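First the structure, in the form of structure tokens, and then the observations on it.
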Amino acid sequence: MTQAQLAQGNSPLLAVRDVSVVFGGIIALNGVSFNMHKGNILGLIGPNGAGKTTLFNCLSRLYQPSSGDILMEGASILTRPPHRIAEIGIGRTFQNVALFPNLSVLDNVRVGTHARTSSDIISDSLKLTWVRRSEADVNKKVHEILDYLDLEDVAHTTVSGLPFGTQKRVELARALAADPKILLLDEPAGGLNHEEVYVLGDLIRKLRDERHLTVLLVEHHMGLVMSIADHVVALNFGRKLAEGTPAQVQADPDVIKAYLGSKDQ
Amino acid sequence: MSAVEEVVTEAPAVEAVPKRAMTLGVGTSLVVLAALVLAPLFVKNFIIFQMTMLLIYGLAVLALNILTGGSGQFSLGQSAFYAVGAYTSAILMEHVGMNYALTLPIAGIICFGFGFLFGQPALRLSGVYLALATFALATAMPQLLKLGYFEHWTGGVQGLVVTKPDAPFGLPMSQDMWLYYFTLAITIGIYIASVNLLRSRSGRAFMAIRDNEIAASAMGVDVALYKTLAFGVSAGITGVAGGLGAIAVQFVAPDGYTITLAISLFLGMVVGGVGWLPGSIVGSAFIIFVPNIAEGISKGLSGAVFGVLLFLVIFLVPHGARQVAIVAQQMLGKLKKN
């Protein structure tokens, strides 16, 4: 066990510490801090341009913060390149769905296991015994996930031909295949109708309860966030505006002002 | 929209095939194999030589297919890898006196390294820019081979003459026929290994990169590593093809490996169907035989006739032999139903 794990105890699974991001002269994020605890669903809300996506991209290592730190189980993730984020248990989905359009559902989800498996081109070309065994494990796991998310019927379909809602589920399946501890969901309700959003909310809660996931939900859909989040962080103009339970954040005067404007202005 | 999202939603540069459709069924494979094994027994030595070249170019087209169809990277520089493979085999045979069969894995390994290294700077380029960088490589190669500095080894402008091997163990067959079966065995081996590779974890990583780099990276795929590996594998197979080509033609010279060869291979890939590995042999047949057919139609205007034929193929079947195969399969299916 590493020191970080021993020290964990009651400490947060993921800690965002005073993170700032500056693009040229624009401050996209300004000293944002919050903690994510195991088994929680954390909702990150804010109007357009508040810095939600910027923060999200820092977590998935597409942006490098100008200052501050992000700790996963006590260890900084900022020294890791983007492709070594999945292996420490951070999985993600994309805002407008970023699947591999020419691959089947099965192969998309198989790619999800990349961080949890190993191989080299020689063994793969020769299909050595250990490669076959590893592939058999991958297939077992992938089919279990497809079954869990009700995707078995479309397993062999190329994803580009699937309806948007199904593609979103495939993306979720792909993220699950990497055995994440934290799942980062970037606007999962975008493009879904009222009923689908409701189903999605149940699914996220189910994932948290049955698969022991911690979820970061970046979302515009206030109804979804307020109904499923345990904890809400509100951003505006790159700063943290408010933090607390959904009810507390909803009642916060600053949040109301940011969303609806105030009489004084 | 941020820059990152734009990249995420950008359409892939290559229209590619899903993995399941990358190979032939068992029945079709056996028929093709039987034809390749039996055909030389009934034809003249010159035709056997042409069939050997068909397999060799087929390998080179297959290599490009792994790069472009698999990992989505373009290359107009395959002639350079082919040349390095050819010269490696020729130099090892003629100067070192090594057995021809042993020179091929060495040619493959050297070209793998060469391709892997070339893949490093190529990482910063994509699409047409990558095509241009590889084009530069293809243009430079013949002149590098002519350099006086290497002349002792390469033979300079004159090139090197390579001795054609006899059939081993006193087998009663001509040199051409032996070389054909030797090439066929290597081609089948490389074809099977390539299919395995594209169906494996590494192959999925190639295709994930082809379809969406950022998503691939988020899944833990080391994009830089797999892109350079794809270049390495492609160059390695092209190198083996180059070595076989040197043995079959019995001669290597700088002007045999110009940009024309690279463009021919690219053409072969498109005609065979990008990303469809069995199409490589069809593409190879196109680049070997269609120029001859064009010459048969009109000696003076063979280039123009070739152009018209090529235009017809691209116009009628833009997805190449793969498209023909799919249509044929559908028609067979209908026949069976009736």
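Placement of Cβ uses the backbone N, Cα and C atoms for every residue, glycine included.
Pulled from TrEMBL:
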- B:21-41: transmembrane segment (TRANSMEM)
- B:47-67: transmembrane segment (TRANSMEM)
- B:99-118: transmembrane segment (TRANSMEM)
- B:125-145: transmembrane segment (TRANSMEM)
- B:178-198: transmembrane segment (TRANSMEM)
- B:229-253: transmembrane segment (TRANSMEM)
- B:259-289: transmembrane segment (TRANSMEM)
- B:301-321: transmembrane segment (TRANSMEM)
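Within the same chain, the transmembrane segment (B:47-67) packs against the transmembrane segment (B:229-253): three or more Cβ pairs sit under 8 Å, each pair at least 6 residues apart.
Residues of the same chain lying 6 or more positions beyond the ends of the transmembrane segment (B:259-289) and with a Cβ under 8 Å from any Cβ of it are 14-17, 21-24, 32, 50, 53-55, 57-62, 64-66, 68-70, 75-80, 82, 134-135, 138-139, 191, 194-195, 198, 310, 313-314, 319-323, 325. Among the recorded stretches B:21-41, B:99-118, B:125-145, B:301-321, the one sharing the largest number of Cβ pairs closer than 8 Å with the transmembrane segment (B:229-253) is B:99-118.
When Cβ-Cβ distances below 8 Å are used as the criterion, the transmembrane segment (B:301-321) is approached by residues 15, 267, 270-274, 276, 278-279, 282-283, 286, 290-291, 293-295 of the same chain, each at least six residues removed from its ends. Outside the transmembrane segment (B:125-145), and at least 6 residues removed from its termini, the chain residues within Cβ reach (under 8 Å) are 13, 73-80, 83-84, 87, 118, 154, 254-255, 257-259, 261-262.
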